[in-house]
Amino acid sequence: MIRSNPHYEKLRSSYLFSDIAKRVAAHQESHPGVDIIRLGIGDVTHALPDACVAAFHRGVDEMANDATFRGYGPEQGYAFLREKIASEDFKARGADIDSDEIFVSDGAKCDTGNFQELFSTDIRIAIPDPVYPVYLDTNVMAGRTGEFKDGRYGGVSYMDCTAENNFVPDLPQEQVDLIYLCFPNNPTGTTITKPELKRWVDYAHEAKALILFDAAYEAFIRDDTLPRSIYEIEGAKEVAVEFRSFSKTAGFTGTRCAYTVVPKACRVFDQKGAAIALHPLWNRRHTTKFNGVSYPVQRAAEAVYSTEGKAQVKALADGYLDNAGIIRRAMDTMGFDCVGGIDSPYVWINGNGRDSWAFFDLLLKKAGVVCTPGTGFGQCGEGYIRISAFNSREKVETAMARMKEALGS
């Protein structure tokens, strides 16, 4: 008989953001016409930059003409985009990444979730807590964890991120093989310094481990001393894979374009302990299971690197950062401790003793504001909420005014 994958039965009942959507829908059904301001899921609200829209149109026009029509493209991405990425995102910052080390995809979520397929199921993973749920859930699906008990899965090295360590995880005390890091961080909005990141790179060399570095929010960094890429750190090319996305950088959440960097110098180890290159493994997986991002979308992504595109993308991110500042200042005024909102579009807020879901429900029902309960990101997120800056200035200001009234501040 056909049997299901038993590891799916270990997963908690549903994905965090599905739970949020259900609660919001139930509230709207019982309160028809209520005005909801969504500051929960990290989805952008402003239109694509004009430079990207124009390039998108040109790409579509090419597809409408037999002479310029394109069918299947290279699975790894068109050279015109890969070369721009290598030049503008890496070489310009002193990171020696070549275009053929870049794999264009339809999302960092897919890539961070899929990359674990390259590794043995008996490796030990190190996951920050709180963390973006996809990292952990995909490893549960693959069978790398034990059962879920007392808020955590067995067989996982959880790296607590709390106020005590400024929400930057400490190095593991035990041997781990695969390490997930995300900076600027989702959900806490915190950043990591170059010396802190260097310690992780050194650890990975010593432990023969691999770092999966999610840099989806690097476009929001304004402090020039902070690393935008792990490859700004000496030795990282041998022990790290990096994930980037145009979703938050240029508003591509509904357009879908991202990329993963797998340096040819990066090594993993076979069952006999011999070092082997990781690049051809991901190339094989990528080309077997993915047929490439559409040509017009890649042309739109290329436009991000034009003179006009750079200015428009920066203005877009600056607007969201201004929103984050409004949120953080408002929460400070209301007496809540918070981090993030600087070099990041997320603000991580201590609920002053409130349960995460209780705080979520209070803001939804009394203020009509949707946030994200911190407990959905892990055990260490209990008592916190995440508020996203991805909305219009007007709605963010309205949301803060409503919250102030609802909380009696």
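Cβ atoms here come from the backbone N, Cα and C positions, even for glycine.
Tyr132 is the only one of Tyr8, Tyr132, Tyr203, Tyr305 that Swiss-Prot places in the substrate site (with Tyr15, Gly42, Lys109, Asn186, Asn291, Arg386). Tyr217 is the only one of Tyr153, Tyr158, Tyr217 that Swiss-Prot places in the pyridoxal 5'-phosphate site (with Tyr72, Ala108, Lys109, Tyr132, Asn186, Ser245, Phe246, Ser247, Arg256, Asn291).
For Ser245 (pyridoxal 5'-phosphate binding site), the same-chain residues that are 6 or more apart in sequence and have a Cβ closer than 8 Å to its Cβ are Gly107, Ala108, Ala216, Phe252, Cys257, Ala258, Tyr259.
Taking the C-alpha atom of Lys248 (N6-(pyridoxal phosphate)lysine) as reference, the shortest distance to any of the binding-site residues Tyr15, Gly42, Tyr72, Lys109, Tyr132 belongs to Gly42.
Counted within 10 Å of its Cβ, the other Cβ atoms near Tyr15 (substrate binding site) come to 14, all protein chains included. Take the binding-site residues Asn186, Ser247, Asn291: by the count of other Cβ atoms within 10 Å of each Cβ, the lowest one is Asn291. For the recorded positions Lys109, Lys248, Arg386, the ranking by surrounding Cβ atoms (within 10 Å, all protein chains) places Arg386 first.
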